[in-house]
Amino acid sequence: MRTPYCDTDFTGINIMNTASLRRANFALAIMAVASLTLSACATKSDRRGPPADGERRGGQARQSGTFMQPIAVLLADMDANKDKMTTLEELHAGAEIEWSKFNRNPSAAYFAQWSMTNLGSTDAMPSFMSFDRDFNGVITEAEFNKRLEGEFKALDKNADGKVERSELIVAFAAPQGERSRNTEQQGRGGGRGQGGGRPPR
């Protein structure tokens, strides 16, 4: 029997397959680029307008609120009858109790322990130097009482001889500052006297 003829030359088929693979690879590359472009657009921020004042300066927006000074915490603790106010008499009684804890005229190191316990920090005001008025390195009982009484009077805003809770609270608002606004305006060409900040010709 005669063997059928079979052409073993697949060059034409190989060329066709190679061309098809190239077209397929090119199409895949186009799809990948399109996918990356769509992802970048989807993640782009949709915020409109100029950044907030705090963001423009690389920080958070200015804040406002209230706080208590360390000495205010001590005076509130001297409220013996718990009526939410501290009288001058309660201050004197409380100062006597606090002084008795020293056992001797305290030096800076000894006072630091008291300050940490009662004011919350060794750096809190009033500091050791605020009490030691003659700068001899120790605090006397008279200096201790005088300083606490001075702090009491500073907080007693209506001078009625007692410090209420509202007087212990200090309100604050971070200033916007006319200077900072003027600086921004000048930076944008809004300076005074030169019609936008340009030098005369």
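Glycine is treated like the rest: Cβ placed from N, Cα and C.
Here TrEMBL flags 43-63, 172-201 as region 'Disordered'. Annotation comment: TrEMBL describes 44-58 as compositional bias 'Basic and acidic residues'. Positions annotated as domain 'EF-hand' by TrEMBL: 143-178. As annotated by TrEMBL, compositional bias 'Gly residues' applies to 187-201.
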Residue numbers, six or more beyond the limits of the domain 'EF-hand' (143-178), whose CB comes under 8 Å of its CB atoms: 62-69, 71-72, 75-76, 84-88, 91-92, 95, 98-99, 126, 130-134
Overall pLDDT for the domain 'EF-hand' (143-178), taken as the rounded mean: 89
DSSP helix/strand/coil residue counts for the domain 'EF-hand' (143-178): 18 helix, 8 strand, 10 coil
